[in-house]
Amino acid sequence: MKPHMSATVLRAPRVAAILLAVVLAAVLATAVNGAQRCGDQARGAKCPNCLCCGKYGFCGSGDAYCGAGSCQSQCRGCRDDVVGQALPAEPGSTRATAASSASARGLNLTATTGGP
């Protein structure tokens, strides 16, 4: 006489396989999304590839990430990285020559932002 297997024993491997698949999917989703986190939610991390950092801390493009009220940083993509930064002057360049010439005349060419 063969021993009778209960339904519980037969279901255990199937439940374990489903549980393993769910855990692996969660780990994979966290790893993929973890690289795309930004801003305050990710300790100030910046988005790659000129993406905007949305208000919920995810990188993306379009109004949902870059629009007014939807963006927390890099709202203009890569253009934010250079806005307000002075470009270095090469010796002999027009910019370097103009700056040294103005300085010799007592003029200050420091750029400022804001209104009058």
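Cβ atoms here come from the backbone N, Cα and C positions, even for glycine.
Quick caveat, the model's predicted, so the values are computed rather than measured.
The signal peptide annotation in Swiss-Prot covers 1-34. The domain 'Chitin-binding type-1' annotation in Swiss-Prot covers 35-77. According to Swiss-Prot, the feature disulfide bond maps to Cys38-Cys53, Cys47-Cys59, Cys50-Cys78, Cys52-Cys66, Cys71-Cys75, an assignment based on experimental evidence. Swiss-Prot lists 89-116 with the feature region 'Disordered'. Annotation source Swiss-Prot lists compositional bias 'Low complexity' at 93-105.
Features per Swiss-Prot, on structure.
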{"residue": "Cys38", "record": "disulfide bond", "Cβ contacts under 8 Å, 6 or more apart": "Ala45, Lys46, Cys47, Cys53, Gly54, Gly57, Phe58, Cys59, Gln72, Ser73, Gln74"}
{"residue": "Cys50", "record": "disulfide bond", "Cβ contacts under 8 Å, 6 or more apart": "Gln74, Gly77, Cys78"}
{"residue": "Cys52", "record": "disulfide bond", "Cβ contacts under 8 Å, 6 or more apart": "Cys59, Gly60, Ser61, Tyr65, Cys66, Cys71, Ser73, Gln74, Cys75, Arg76, Gly77"}
Model confidence over the domain 'Chitin-binding type-1' (35-77) (mean pLDDT, whole number): 91
Largest tally of Cβ atoms lying within 10 Å of a Cβ, found at which of the disulfide-bonded residues Cys53, Cys59, Cys75, Cys78: Cys53
DSSP-derived helix, strand and coil totals, residue by residue, for the domain 'Chitin-binding type-1' (35-77): 7 helix, 12 strand, 24 coil
Site of maximum Cβ density within 10 Å, from disulfide-bonded residues Cys47, Cys66: Cys47
Reduced DSSP assignment, Cys78 (disulfide bond): coil
